[in-house]
């Protein structure tokens, strides 16, 4: 199924990229099929969720023998995890380590009923029950739908074990043939509606390919979003250096380098936006509210995915209302920060009208002083605190800093060697600092690449200035190449929003066509291939979906809808 989706996405991308009037009819059908596959896939997971939510399996766990029993939780169909206290347990067992349940053998008042634990699990095909093992543990008897299993939990060393239960015809698609008819109907209706929309509306992409326009921002955006995807496919391994110190060293070198991406995004945004005339009405309507709407909708998408696929908190209304003020997924914090800067953009635009002294003064108090303080307190372990005058640190300071560097672009383009040296110096500085503080505290610390200290500020500035200073070289690219870069650059924010969704859906360990594309697991090569795979997959998805009327703006905010005029 995954291979089919990838192949369909590749074919759709190729056909849509062909600029030929003879392919317009084919484009409509290919994109209609693609969006119908996505809708049908979502409906499949939704039906599975409703079915499993309403259909329950009762399992009885009985402690036996001379020892304790600790029930951890259950894994359903290899993709949904439930802690013990989430399974509506009925027993006198004690809560142990927050979510686990424990039968204490040494309790002299135990009765036969005290040994039993009843739980209710959503109906599934495969269920794995997790238990603790060790010298002090006894046996456990599991009874479910006339399937009885006995498992010894005794082990010389402490650990965990799983008891697997296979249930016949518990998968909805195997037990309910009418679901095939429902999904088939949804697929056909989706195609019909998509084609009807295509016949009524068309996508207008507001891209102006001007020969004298800057090219470095387009290239820089694409590089930055790939670095962020690479960061998200390797970052969790950084926190497991006590398990495998060799792997940790390799990830250390990568993560210390990827830290520049987010600061540079703020700097790039500032360099592009502060040069414009940002009037309040136009900024609020055409930029702030539009981006805020995209952000909220993507938050809703992640809420639905986590509820349906991963059995997370299912209080949708509460999560939806909270998403207006804080990110539902941690990585979405960047979007909320950008929205805040957009709201302040009409005020921040006055920065360009200030004289040189005032600009430097603002940058010193908003960016350089707090970054230096952060560096000192992170190395020393002595908490000082960021000054209150450093408002919105480091985001606002980076935003203004990017524009300030752009103003000095004619001077900076002659200092390429200096920026190369400062880039190498800052990179090794971040590595040494991260290594030192992690070894010192015997726990991985991301203080120096996870926030803007002096080292990361130097690195981000160096990379930003280098890309900007090579504009003369980038201008020499052929027109078609620059046009391609502009198109990909336009879907960068869509890639940012969607790549994590694809990682969630496809899983940490992905094997397609015999090749492993992993996220935060496996070898360094498999994680790097995973970053390339998810970058390209999300780019193709965003490009295809940006050509779909009504929803295209969620993937490329430059798109607009226009009603087709009939002769």
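Backbone N, Cα and C atoms are what each Cβ position is placed from, and that goes for glycine too.
Because the structure is a prediction, the values reported are computed rather than measured.
Going by TrEMBL, these are the annotated features:
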- 30-47: transmembrane segment (TRANSMEM)
- 179-198: transmembrane segment (TRANSMEM)
- 215-541: domain 'Acyltransferase 3' (DOMAIN)
- 219-239: transmembrane segment (TRANSMEM)
- 251-270: transmembrane segment (TRANSMEM)
- 291-310: transmembrane segment (TRANSMEM)
- 330-351: transmembrane segment (TRANSMEM)
- 358-376: transmembrane segment (TRANSMEM)
- 382-405: transmembrane segment (TRANSMEM)
- 417-436: transmembrane segment (TRANSMEM)
- 448-467: transmembrane segment (TRANSMEM)
- 487-507: transmembrane segment (TRANSMEM)
- 527-555: transmembrane segment (TRANSMEM)
How about the transmembrane segment (330-351) and the transmembrane segment (251-270): at least 3 CB pairs under 8 Å, pairs 6 or more apart in sequence, or not?
yes
Report, as numbers and ranges, which residues of the same chain sit near the transmembrane segment (30-47): CB under 8 Å and 6 or more residues beyond its ends.
5, 8-9, 11-12, 15-16, 172, 179, 182-183, 186-188, 190-191, 194-195, 198, 308-309, 544-545, 547-548
Intrachain residues whose Cβ lies under 8 Å of the transmembrane segment (527-555), provided they are six or more past its termini:
6, 9-10, 12-13, 16-17, 27, 31, 34-35, 194, 197-198, 200-203, 205, 225-226, 229-230, 232-234, 237, 290, 294, 297-298, 487-488, 490-491, 494-495, 497-499, 502-503, 506, 510, 512, 515-521, 561
Is it true that the transmembrane segment (358-376) and the transmembrane segment (382-405) have 3 or more CB pairs under 8 Å, sequence gap of 6 or more?
yes
Is it true that the transmembrane segment (382-405) and the transmembrane segment (219-239) have 3 or more Cβ pairs under 8 Å, skipping pairs fewer than 6 apart in sequence?
no
Ranked first among 251-270, 417-436, 448-467, 487-507 for CB pairs under 8 angstroms with the transmembrane segment (291-310):
487-507
Which residues of the same chain, at least 6 past either end of the transmembrane segment (487-507), have a Cβ under 8 Å from a Cβ in it?
2, 79, 205, 207, 217-219, 221-222, 224-225, 228-229, 232-233, 294, 298, 301-302, 305-306, 309-310, 329, 331-332, 334-335, 519, 534-535, 537-539, 541-543, 545-546, 554-558
Pop the mean pLDDT for the domain 'Acyltransferase 3' (215-541) in here, whole number is fine.
89
